[in-house]
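A.B. asks: Shown below is the structure under consideration.
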Amino acid sequence: MSFLFGNRSSKTFKPKKNIPEGSHQYELLKHAEATLGSGNLRQAVVLPEGEDLNEWIAVNTVDFFNQINMLYGTITEFCTEISCSVMSAGPRYEYHWADGTNIKKPIKCSAPKYIDYLMTWVQDQLDDETLFPSKIGVPFPKNFMSVAKTILKRLFRVYAHIYHQHFDSVMQLQEEAHLNTSFKHFIFFVQEFNLIDRRELAPLQDLIEKLGSKDR
């Protein structure tokens, strides 16, 4: 949730995606913020009673996009074509970009380029009213869950890159508490609804286990 970031400059990598005030999704977002404020992240991710699962996943996906947008926005000056010539998460994991439409065959590119492609692609999905309907009564499409899973899988890669390649910069900026809280919330959410395959989480498995054990 954006309130985690206190009064830091609201520099984002891409424009923030807003949920329309007064909409049911906005009410759900407020509910999530209130639950998060209690400090119990396991409880904060649980589907509220009587709510639609797709809508809950949609609201949280938008929120995670905004959070990662802000987190990456704080370290863009350290993530350059020179310092990060490939999109990686440590020496064992490298990501190549493809979106299946404009770029069908995966291409090797720098981390800033990859993250630009990724965040632009996510933004396009979130802005698509047929995929992420914002009006009450408009149904979610049959492929919604599959698209949401792909979005979250790709957003995880930005967290993985920041932790592996830029954690020193995050610490210099004194943003590590924000990063850890945001990532813990993200992980608890995807675990609650089984949204990312365990193999995809491997680059940060040790951290995930550590965050989970602290909460037991």
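Cβ atoms here come from the backbone N, Cα and C positions, even for glycine.
The following feature annotations were taken from TrEMBL:
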BINDING   CYS79, CYS84, HIS161, HIS166  Zn(2+) binding site
A.B. asks: What is the number of other Cβ atoms found within 10 Å of the Cβ of CYS84 (Zn(2+) binding site)?
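C.D. replies: Looking across every protein chain shown, the total is 19.
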A.B. asks: Around HIS166 (Zn(2+) binding site), how many other CB atoms lie within 10 A of its CB?
C.D. replies: 23
A.B. asks: Please work out the number of neighbouring Cβ atoms within 10 Å of the Cβ of HIS161 (Zn(2+) binding site), leaving out its own Cβ.
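C.D. replies: Excluding its own Cβ, HIS161 (Zn(2+) binding site) sees 24 Cβ atoms within 10 Å.
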A.B. asks: Can you check which residues sit near CYS79 (Zn(2+) binding site), meaning Cβ under 8 Å from its Cβ, same chain, 6 or more apart in sequence, and list them in order?
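C.D. replies: Correct list: TYR72, ALA111, PRO112, ILE115, HIS161, GLN165, HIS166.
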A.B. asks: If the Zn(2+) site is taken as the center of the Cβ atoms of CYS79, CYS84, HIS161, HIS166, which further residues of that chain fall within 8 Å of it by their Cβ?
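C.D. replies: Result: ILE75, PHE78, SER83, ALA111, PRO112, ILE115, ILE162, GLN165.
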